[in-house]
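To start, the structure itself, in structure tokens.
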Amino acid sequence: MRPLWLLASLLALSQALPFEQKGFWDFTLDDGLLMMNDEEASGADTTSGIPDLDSLTPTFSSMCPFGCHCHLRVVQCSDLGLKSVPKEISPDTTLLDLQNNDITELRKDDFKGLQHLYALVLVNNKISKIHEKAFSPLRKLQKLYISKNNLVEIPPSLPGSLVELRIHDNRIRKVPKGVFSGLRSMNCIEMGGNPLENSGFEPGAFDGLKLNYLRISEAKLTGIPKDLPETLNELHLDHNKIQAIELEDLLRYSKLYRLGLGHNQIRMIENGSLSFLPTLRELHLDNNKLSRVPAGLPDLKLLQVVYLHSNNITKVGVNDFCPVGFGVKRAYYNGISLFNNPVPYWEVQPATFRCVTDRLAIQFGNYKK
């Protein structure tokens, strides 16, 4: 039954994108999307990327690599101590799971004949080298999970059919121009946990991409990278070293629903910076060094969730969150976190949260020097 559960989890991923990933399979839960359950908040095409379920009928091929489990076009070869991609994989395979092995290299003919492969899982191996034609046979590949390896560069010649790339926790320091060329279907890239600095992104590195979701967390960024795709619905840059948000940093990202900037060193957000995000629903600024509530929140008519806990905020004004007048805000807040700030919460006026759905949505207190 495990292969069936594995396939069902991957199919669920086609309809939702995660906010935070603690472990490889955690993103199938997607708790973050519960706050934005309308169709447009998903940031993903709910029809593209899903294989025809009618085609997933049982096959009776006797081809199955030694030690692996094969059923319903799913080949599961995880946790076997494999040194290389196994042979004798059935050509009708849809999902190939090779995670938690000792594979060090992907060779030219490792995936020869696997033209029906939809998802390839290579997480937690020791891959440091990929032949430039290794993925050439995979004309229908949509999901490539190659996180937790030893890669120092984005793999060359990725399949043009690719929709989702998870390449976090490698050793990548540079994203050159043209590396994503021809990937017109790509809508999700997770590349956190790499030692990427701002200078590591060449101008035009993301040219041609129409991403919905991008995460570059746990890297070495000191500012928001330039020239990211304008199509982004979700951008997550948490756990970096970003110190300030300047006026032009968010200029091109008017389609953002969710912005994650928690666990940085942000002291200043320039006035007017947030005005370029008219569709923003969720803003994460927790665990920074802000001394006040960022200006411009009342003008974000669709904003519902603001994380500001664990900063240095000492005062909350009556108009810091809600616009003046009734009927201005189109979506009321359902989450405001201000705990672990040196705010004398007994001095905050009740009218400060007049546009909050429920008082329980406000989190105060628990400040420790």
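Cβ coordinates come from backbone N, Cα and C, glycine included.
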- Item | Cysteine from CYS64, CYS77 that TrEMBL links to CYS70 by a disulfide bond | CYS64
- Message: Can you work out the mean pLDDT of the predicted model over the domain 'LRRNT' (63-95)?
- Response: 95
- How far is it from CYS322 (disulfide bond) to CYS70 (disulfide bond), counting Cα to Cα, in Å? 56
- Item | Distance [Cα-Cα, Å, rounded] between CYS68 (disulfide bond) and CYS355 (disulfide bond) | 56
- Query: Within 10 Å of the Cβ of CYS64 (disulfide bond), how many other Cβ atoms are there?
  - Reply: 18
- To the nearest whole angstrom, state the Cα distance for the pair CYS355 (disulfide bond) and CYS64 (disulfide bond). 59
- All-chain count of other Cβ atoms within 10 Å of CYS70 (disulfide bond): 20
- Query: Measuring Cα to Cα, how many angstrom lie between CYS64 (disulfide bond) and CYS77 (disulfide bond)?
  - Reply: 10
